[in-house]
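Before any comments, here is the structure.
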Amino acid sequence: MVSLRSRKVIPASEMVSDGKTEKDASGDSPTSVLNEEENCEEKSVTVVEEEILLAKNGDSSLISEAMAQEEEQLLKLREDEEKANNAGSAVAPNLNETQFTKLDELLTQTQLYSEFLLEKMEDITINGIESESQKAEPEKTGRGRKRKAASQYNNTKAKRAVAAMISRSKEDGETINSDLTEEETVIKLQNELCPLLTGGQLKSYQLKGVKWLISLWQNGLNGILADQMGLGKTIQTIGFLSHLKGNGLDGPYLVIAPLSTLSNWFNEIARFTPSINAIIYHGDKNQRDELRRKHMPKTVGPKFPIVITSYEVAMNDAKRILRHYPWKYVVIDEGHRLKNHKCKLLRELKHLKMDNKLLLTGTPLQNNLSELWSLLNFILPDIFTSHDEFESWFDFSEKNKNEATKEEEEKRRAQVVSKLHGILRPFILRRMKCDVELSLPRKKEIIMYATMTDHQKKFQEHLVNNTLEAHLGENAIRGQGWKGKLNNLVIQLRKNCNHPDLLQGQIDGSYLYPPVEEIVGQCGKFRLLERLLVRLFANNHKVLIFSQWTKLLDIMDYYFSEKGFEVCRIDGSVKLDERRRQIKDFSDEKSSCSIFLLSTRAGGLGINLTAADTCILYDSDWNPQMDLQAMDRCHRIGQTKPVHVYRLSTAQSIETRVLKRAYSKLKLEHVVIGQGQFHQERAKSSTPLEEEDILALLKEDETAEDKLIQTDISDADLDRLLDRSDLTITAPGETQAAEAFPVKGPGWEVVLPSSGGMLSSLNS
């Protein structure tokens with residue numbers, strides 16, 4: 001007889017998908033669940049002694065419980081302040097003909113400067129970096145005076161910056177000995193540019209990134225390093241800072257990053273540049289005062305450390321303390337958080353005295369203008385000063401009736417966006433792994449479909465008709481109910497796609513999981529998962545399985561336990577020391593653990609799991625970038641095997657229909673322009689889709705292609721899809737070994753690789 005595991009029963013009014021209590025029905029959404037996991041990730045940290053903060057080769061966990069609590073308190077204070085400040089909002093004016101002409105002229109002029117800057121910066125990067133002796137010549141403009149001018153970004157000063165760049169581009173750097181191999185050339189250049197970087201060897205494209213950062217610095221410009229995740233943005237930044245330190249520029253330098261990554265920054269600086277001091281500036285007010293007193297004097301000298309701090313501490317101390325330091329360079333890690341134009345960090349950074357800013361982000365830019373404005377404001381703050389004014393440039397709502405056709409309005413928008421892209425071009429560097437990390441094994445992503453079981457179809461029918469509680473009987477727990485917000489209906493439909501036990505266990509209050517045979521038999525995707533794993537384990541593959549729902553991970557944990565499999569697991573409740581232990585165990589070649597269960601948000605960031613060569617996305621995140629970050633846990637530098645990604649989807653369900661629209665940016669995720677207004681669909685103030693719209697999605701007629709693809713995959717096709725020989729090319733010019741296989745068929749479709757984002761071709 002199959003043993004059963006106890007299941008904790010929580011009143012329905014308190015249930016959410018990650019096991020935490022909720023205060024309203026909307027908290028049952030993946031968004032709220034994942035936000036809580038992110039918060040929990042930052043709170044769940046190990047306790048360490050204060051002096052470890054300065055240990056150059058200490059443990060990777062340097063974040064104490066007190067620091068996490070301080071972070072939480074600062075976050076609450078900031079949220080309260082923002083609520084008070086957001087009492088009212090101004091209405092943006094419409095853009096008339098005169099305004100549009102003026103805007104077009106401004107953008108055209110600024111774009112010309114940007115194109116000129118780009119051309120000359122490329123010359124500098126190719127021909128070499130200005131030598132220190134050239135910088136010291138008295139006839140040239142002094143660094144302090146020139147940098148102050150170049151940072152203003154008005155027309156006159158932009159011309160000065162361009163003129164200075166023309167002068168430098170004519171000065172050839174040292175020629176590299178053509179007899180050297182590519183590796184020897186890279187080593188020689190690294191020793192010249194980054195003499196203090198002694199703890200590792202940069203790759204060729206990373207060294208080019210350092211040279212690009214230096215060219216920005218020499219011209220007083222801000223920049224965005226947007227290399228794809230896993231290409232080493234941290235080490236490129238450290239290499240650049242070591243170049244400045246090695247040339248007598250003592251700083252100070254400030255790194256602002258998420259709390260969970262502070263220890264990684266500290267340890268990477270210690271590893272690659274052991275002669276450079278660094279501190280983690282965090283703790284309560286008294287601890288921060290003590291850190292400043294001991295390590296951050298007003299007079300900056302060679303011993304002044306690189307200061308690493310979190311967003312919350314930076315925002316809290318910007319006006320009162322950090323503004324008194326003349327920061328040479330400020331680095332903002334995970335810079336995509338600045339894409340919200342209302343971000344307080346953007347506002348607080350303006351209080352700091354800083355020569356330049358660098359934003360690091362592995363998330364490509366999306367197709368929305370609000371995000372684009374934030375980046376333009378970050379790069380060119382004196383030109384793009386007002387978000388309301390920027391909004392008005394695209395507000396043609398009053399012109400629809402009289403002055404322009406819809407096509408003309410769209411043409412105007414396209415013209416403006418095209419020019420804005422041109423302005424950003426010189427200031428962003430983005431490389432893809434497929435372009436620069438040629439030694440990285442190839443990756444293939446395949447969507448696999450599973451049809452609903454009769455059990456799931458019956459649940460879906462009851463959900464649509466609001467009769468599920470009655471169907472499950474009198475034992476249903478009352479409280480939250482199922483009638484009400486549409487978002488709640490969408491979530492319940494998605495739960496049914498993932499596994500109907502997510503619904504049944506919540507409603508009937510069952511203490512026990514069903515037998516393993518029922519767990520598999522009740523759900524189409526779980527059947528497909530079992531078929532996949534049998535084949536993968538037979539070929540000794542290690543597998544990462546991602547889901548947004550921690551309760552679904554509970555079901556999987558139970559299933560694997562009953563089957564006798566050893567499992568590792570990370571979600572928002574797992575503390576950092578336990579994470580490190582599990583990652584180490586999973587990465588051990590002798591380990592018997594071949595399965596790693598991870599929640600998409602808590603387990604999709606900041607960890608290296610290249611021991612696995614297979615990633616299964618059991619359910620897809622509303623934000624496709626989260627899934628890309630999850631895939632990159634195993635497809636990154638250090639991977640030696642071809643990687644397969646299997647994205648599971650329930651055929652002809654709300655899951656496939658709504659996600660299809662999310663990916664095409666029509667609903668539920670990205671900022672869109674409609675009716676002349678900006679709407680953030682996931683924002684609390686957004687208007688939810690009407691119930692008839694969601695029900696209409698369920699009733700949509702499938703195309704002939706959909707009917708062909710969205711069905712169960714045969715065993716023969718499954719075996720052919722799991723073959724990876726087409727990803728293995730052992731010699732230059734060798735043809736693919738695997739027989740040609742169609743990109744789609746009954747039960748599957750191969751995802752064609754794409755970099756995504758509106759600026760994906762920026763550095764092509």
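Cβ from N, Cα, C; glycine included.
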Motif 'Nuclear localization signal 1' according to Swiss-Prot, located in which of 145-152, 297-304, 497-504, 673-680: 145-152
Feature motif 'DEAH box' in Swiss-Prot, mapped to one of the ranges 217-220, 333-336, 409-412, 689-692: 333-336
62-88, 89-115, 629-655 - the range that Swiss-Prot marks as coiled coil: 62-88
Annotated range (Swiss-Prot: motif 'Nuclear localization signal 2') out of 413-420, 429-436, 485-492: 429-436
Tertiary neighbours of LYS233 (ATP binding site) (same chain, Cβ under 8 Å, six or more apart): GLY209, LEU225, ASP227, LEU360, GLY362
Cβ-based isolation winner (fewest other Cβ atoms within 10 Å) among the binding-site residues MET229, LEU231: MET229
Coarse DSSP state, helix versus strand versus coil, of THR234 (ATP binding site): helix
Shell list (ATP; ref centroid = CB of ASP227, GLN228, MET229, GLY230, LEU231, GLY232, LYS233, THR234; cutoff 8 A): GLY362
